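K.L.:
As listed in Swiss-Prot for this protein:
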- HIS696: active site, proton donor (ACT_SITE)
- ARG16, GLU17, LEU18, LYS19, LYS112, ARG517, CYS518, TRP563, GLU607: 5-methyltetrahydropteroyltri-L-glutamate binding site (BINDING)
- ILE433, GLY434, SER435, GLU486, ASP601: L-methionine binding site (BINDING)
- ILE433, GLY434, SER435, GLU486, ASP601: L-homocysteine binding site (BINDING)
- HIS643, CYS645, GLU667, CYS728: Zn(2+) binding site (BINDING)
Amino acid sequence: MTTLHFSGFPRVGAFRELKFAQEKYWRKEISEQELLAVAKDLREKNWKHQAAANADYVAVGDFTFYDHILDLQVATGAIPARFGFDSQNLSLEQFFQLARGNKDQFAIEMTKWFDTNYHYLVPEFHADTEFKANAKHYVQQLQEAQALGLKAKPTVVGPLTFLWVGKEKGAVEFDRLSLLPKLLPVYVEILTALVEAGAEWIQIDEPALTVDLPKEWVEAYKDVYATLSKVSAKILLGTYFGSVAEHAALLKALPVDGLHIDLVRAPEQPDAFADYDKVLSVGVIDGRNIWRANLNKVLETVEPLQAKLGERLWISSSCSLLHTPFDLSVEEKLKANKPDLYSWLAFTLQKTQELRVLKAALNEGRDSVAEELAASQAAADSRANSSEIHRADVAKRLADLPANADQRKSPFVNRIKAQQAWLNLPLLPTTNIGSFPQTTEIRQARAAFKKGELSAADYEAAMKKEIALVVEEQEKLDLDVLVHGEAERNDMVEYFGELLSGFAFTQYGWVQSYGSRCVKPPIIFGDVSRPEAMTVAWSTYAQSLTKRPMKGMLTGPVTILQWSFVRNDIPRATVCKQIALALNDEVLDLEKAGIKVIQIDEPAIREGLPLKRADWDAYLNWAGESFRLSSAGCEDSTQIHTHMCYSEFNDILPAIAAMDADVITIETSRSDMELLTAFGKFKYPNDIGPGVYDIHSPRVPTEAEVEHLLRKAIEVVPVERLWVNPDCGLKTRGWKETLEQLQVMMNVTRKLRAELAK
């Protein structure tokens, strides 16, 4: 009989119950006991949903109040010593301080979990880091599930992945792999505690096996699993997010009891494990996207495996279902307005039922679930033939693109002359990244408009009032190139998705980004085009209020792609180019309307990098082409800006230069301009605006701090190509600190301009 198991479930609840309880607790509106009760209820519901799918093992240990890697830092005693906390007796209050900071210590750094949109808290490892076991978190969840009469499988991220996703800190140089001999006995203690609590199987996840691991890290797997296998539980080694076929010989030799492989991201993997003689768990339902599976097709893959493996075949989702929204059945608006699209989707609860059907088909024959298989096939056929998805005009436009369709008319050296001729900017021109504070009044007006409580005319008047205020304040500050402040935008991707064809939105399709923060990604279900202008009216209104240049503001094609649930029936590169052409229509309309400085934001370019470096070039080529397509056809005198906010550029600088934006603004203040050194060494050819203060904090920088950063920038970038701007958009700031921060930036700029003029 084939076994069905789960690796992880969304933590936040169907209606973000955990988020609201956490935030109430932080505001001291509920007690710790009340928060714990909400969490316990959510865990029980999650397990019951898994049990309702006929799961042989429910997942435990995956639920967390903030992040599973933070839980692991606590469980191994690896919390940062700078907090002065005792990991053995950590209070919930202290746990949250690790994640959110306190008056004495900044929060643990966050970054994206592999190539997902989930953020984990990065372990801080020092040469002298000591580890200490505390298995309470995992044991408690195991016992709770057992008390409900369920068979449970604890899931723990493995020691090598734990070390891999951490960072080396401190003055002493060392390799974090050298901590393994100290860490391994602690893992043995944690696993032993789980065995004593009744765990039969334990899943140890090692997604690091899907990235380019150095040889010594790969070799370390032998010793690690030789040690861990001495614990008397059965070990299922979990891999996901990519192929581990290159490590097949190693994985077959490891003394574990089973292996989980991701057949959604890497469907070719069964060939590499055809002779595997232990449990082989195959992830056949997509844990990262929202499309219903064609179950007949899945069975065509899995039935031959069952014939070969018999009882050694296990099935599951490709990875934890953490990355998918909770329940499609509550999406009543989507069902009413787009019934076909609704029938093509599967959220977490629907995916559990897909796995139930697959298990029944494998164990009792396809006839036992003939009705469900027929419904799955009907949905797949409907999607394949839908005119809502496949549009001949969009396909023709892409097919007819000439070879150099993504190129500007002239090289940068010619364009910059044409731009300066009319812009006539001073040395060190100043600008903002885009957004200004989204006040309560703005949010209330938008909410009222969406509910039909505010007319379109009144909403437009309210937004125009905000735009006028933003323009007036920038003029008072004497900024050179202005922005309209984006008052009308709820979110930099959702705003455009609502105005482009091929996009749809959910009411409750929330997924956890980090901690209590959830995002509701748009769904790109069909060919993308732009029915009408999206930003022209707002930008031209803003331009009418000032003689200074006004920036048009667009979100770039790669970022829209990265922050959405993307259709899986055509290549992502094709979807991205469709978005780029839709944006190009907007760029040319802005230009026609007199907006001659246009920013196309691409904060997510780096996030899209494949896990394996061998795949980088292909991605960077189509990502760069998409960006260039979005601005192609502009006059030389139109200045194209882009903005990027992340800290690792060095390895992709040639690709960023190839995007050929006239001006790039980047987030650099928190790294003390270190990032800029890479641009200097690379001799980045176009204009550049490094952020001179950190907008993520309400703190107003001193003039000395901003001057220090700007002087560092002048050392690296030719002053005639240097812009001055904040790190990022100002959406999350209050007005008071925004104006004070910008005033400091302007004072320093004026001082250095005077100095440079001498």
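Using N, Cα and C of the backbone, Cβ positions are placed for all residues, glycine too.
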K.L.:
Quick one: of ARG16, LYS112, HIS643, HIS696, which of the recorded positions has the smallest count of other CB atoms within 10 A?
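P.N.:
Each of the recorded positions ARG16, LYS112, HIS643, HIS696 was scored by Cβ atoms within 10 Å; lowest is HIS696.
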K.L.:
Near HIS643 (Zn(2+) binding site), which binding-site residues out of ARG16, LYS112, ILE433, CYS518 have their CA within 10 Å?
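P.N.:
So the list reads ILE433.
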K.L.:
Going by C-alpha positions, which of the binding-site residues (ARG16, LYS112, CYS518, CYS645) is nearest GLY434 (L-methionine binding site)?
P.N.:
CYS645
K.L.:
Between LEU18, ILE433, CYS518, CYS645, which of the binding-site residues has the fewest other CB atoms within 10 angstroms in the structure shown?
P.N.:
CYS518
K.L.:
Given that the record lists ILE433, GLY434, SER435, GLU486, ASP601 as binding L-homocysteine, what is the largest C-alpha to C-alpha distance among them, in Å?
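P.N.:
Farthest-apart Cα atoms in ILE433, GLY434, SER435, GLU486, ASP601 are separated by 13 Å.
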K.L.:
Show which residues of the chain containing SER435 (L-methionine binding site), separated from it by at least 6 in sequence, have their CB under 8 Å from its CB.
P.N.:
VAL483, GLY485, GLU486, ARG489, GLY729, LEU730, LYS731
K.L.:
Could you measure between LEU18 (5-methyltetrahydropteroyltri-L-glutamate binding site) and CYS645 (Zn(2+) binding site) for me? Cα positions, answer in whole angstrom.
P.N.:
29
K.L.:
Which recorded positions are spatial neighbours of CYS728 (Zn(2+) binding site) here, meaning Cα within 10 Å, out of ARG16, LYS112, ILE433, CYS518, GLU607, HIS696?
P.N.:
ILE433, HIS696
K.L.:
Sorry to bug you, but what's the C-alpha spacing from HIS696 (active site, proton donor) to CYS518 (5-methyltetrahydropteroyltri-L-glutamate binding site), rounded to the closest Å?
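P.N.:
CYS518 (5-methyltetrahydropteroyltri-L-glutamate binding site) to HIS696 (active site, proton donor), Cα-Cα distance: 18 Å.
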K.L.:
Report, as a single number, how many Cβ atoms besides its own are within 10 Å of the Cβ of GLY434 (L-methionine binding site).
P.N.:
24
K.L.:
If we check Cα distances from ARG16 (5-methyltetrahydropteroyltri-L-glutamate binding site), which of the recorded positions ILE433, ASP601, CYS645, GLU667, HIS696 wins as closest?
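P.N.:
Its closest listed neighbour, by Cα, is HIS696.
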K.L.:
What's the number of neighbouring CB atoms sitting within 10 A of the CB on GLU667 (Zn(2+) binding site)?
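P.N.:
The answer is 22 other Cβ atoms.
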K.L.:
Using the structure shown, find which entry in ASP601, GLU607 (the binding-site residues) has the sparsest Cβ neighbourhood within 10 Å.
P.N.:
GLU607
